[in-house]
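For reference, the structure is listed below as structure tokens.
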Amino acid sequence: MSHSACPKPATARHSQALTGEIRIPGDKSISHRSFMFGGLASGKTRITGLLEGEDVINTGRAMQAMGARIRKEGDVWIINGVGNGCLLQPEAPLDFGNAGTGARLTMGLVGTYDMKTSFIGDASLSKRPMGRVLNPLREMGVQVEAAEGDRMPLTLIGPRTANPIAYRVPMASAQVKSAVLLAGLNTPGVTTVIEPVMTRDHTEKMLQGFGADLTVETDKDGVRHIRIVGQGKLTGQTIDVPGDPSSTAFPLVAALLVEGSEVTIRNVLMNPTRTGLILTLQEMGADIEIIDPRLAGGEDVADLRVKASKLKGVVVPPERAPSMIDEYPVLAIAASFAEGETVMDGLDELRVKESDRLAAVARGLEANGVDCTEGEMSLTVRGRPGGKGLGGGTVATHLDHRIAMSFLVMGLASEKPVTVDDSTMIATSFPEFMGMMAGLGAKIAESGAE
């Protein structure tokens, strides 16, 4: 899908207090994996709360193309899986649209099959580096035909029998870790991933839930050793997907910034590898109350009550980056309204997201009167409490859903309106965003609609 065909600009204006109660769509990471593991497992998997954004649906289509049967009955997705080791060679290239997670995880899943699988994506995904996933697959015996710089379109030609490897992940990347573990599912023997910096652990938790022989040990230096025994049986499960913390970030920050707001957000995933933003905002003085913390499907879930707050600038520890990598754009918005300076460092991963997210955020802040400094791996924001003088700019989103939503949040609290050049790609991760924000009282209008 090309989002650039017909861009739809949107403008956010200074809003009165945001109030109400919302339930956030399902977590994107868990939704991708639910379709993948359900499609791979033997028997039936039932999923409620699935995020029905384009990215996740593309992962579902890929699993269908390899033999899984997927249908929706009411609010429940029902999957009849093929059984581990039994995926079929797809007849056409698998099209992942804008979905980096879906593409990279599926490369791991299918790479070790003795078959030929081609991957394509939209203009944004075709610019993103895939080598980080392809290199360990090459070590396992997979042949790769790729565009320059290990980019898509690309084709994987699997070995007759894959070699199990022990792979030390060179950067903090849950996608690389997951791709290697999934490749290990169809590989004889034990595949090991060595992870020096812990990243989101949904793959490990969910594979264990589906019955994989997977163990995790942390050594005395805090390095995780994750071992999976290949060619075991996976069995279908019932999954209720908790609300996505990365999507939660947008209404949450909006409620903190718009004067007089009080918003309750239900059913939010509180996995400790994903809560860096909430922790950082609390350090800045945010009034975020965590209500009814509970376990659902092996994951921590809670409700959040958020009240408008006066924020202070902080230095965010760089080691926190993996637990909030997708939330830095909206944290930069919060920092724009905080008293003093906020320093964010260790942001090199942001350079290879849907856009060069670090540059996109810095340019957007500058266009709206925010005093900020972009370093090679850092961003420093000097805030203006109350948003006085902020806004009035148009932000280039570069087909990036999180840039679009972050700057629309900014416009709700800034003195002057903020416009984003395109809002169509918000549908990749949070199709309900516009309606949900309007329901809380946010003034956001798409061009041509008032």
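The backbone N, Cα and C atoms fix where each Cβ goes, glycine too.
Fair warning: this is a prediction, and the values are worked out from it, not measured in the lab.
As recorded in Swiss-Prot:
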- Lys28, Ser29, Arg33, Ser173, Gln175, Asp326, Lys353: 3-phosphoshikimate binding site (BINDING)
- Lys28, Gly100, Arg128, Gln175, Arg357, Arg402: phosphoenolpyruvate binding site (BINDING)
- Asp326: active site, proton acceptor (ACT_SITE)
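Features recorded in Swiss-Prot, as mapped to the structure shown.
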residue	record	contacts (Cβ under 8 Å, 6+ apart)
Lys28	3-phosphoshikimate binding site	Leu51, Gly53, Asp55, Val56, Thr101, Asp244, Ser246, Ser247, Ser429
Ser29	3-phosphoshikimate binding site	Thr101, Ala174, Arg200, His202, Asp244
Arg33	3-phosphoshikimate binding site	Leu105, Ser178, His202, Thr203, Met206
Ser173	3-phosphoshikimate binding site	Arg132, Thr199, Glu349
Gln175	3-phosphoshikimate binding site	Gly100, Thr101, Arg104, Leu105, Arg132, Val133
Asp326	3-phosphoshikimate binding site	Ser246, Ala249, Lys353, Arg402
Arg357	phosphoenolpyruvate binding site	Tyr328, Pro329, Leu350, Arg351, Asp400, Arg402, Ile403
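Counting every protein chain shown, the number of other Cβ atoms lying within 10 Å of the Cβ of Lys353 (3-phosphoshikimate binding site) is 21. There are 29 other CB atoms within 10 A of the CB of Arg402 (phosphoenolpyruvate binding site), with all protein chains counted. DSSP assigns Lys353 (3-phosphoshikimate binding site) to coil in the three-state reduction, outside any helix or strand. Just so you know, the Cβ of Arg128 (phosphoenolpyruvate binding site) picks up 20 other Cβ atoms within 10 Å once every protein chain is counted. Packing around Gly100 (phosphoenolpyruvate binding site) is summarised by its Cβ count: 20 other Cβ atoms lie within 10 angstroms of its Cβ, all protein chains included. In the three-state DSSP scheme, Lys28 (3-phosphoshikimate binding site) is classed as helix.
Once the Cα atoms of Lys28, Ser29, Arg33, Ser173, Gln175, Asp326, Lys353, the listed binders of 3-phosphoshikimate, are compared pairwise, the greatest separation found is 19 Å. Secondary structure from DSSP puts Gly100 (phosphoenolpyruvate binding site) in a helix.
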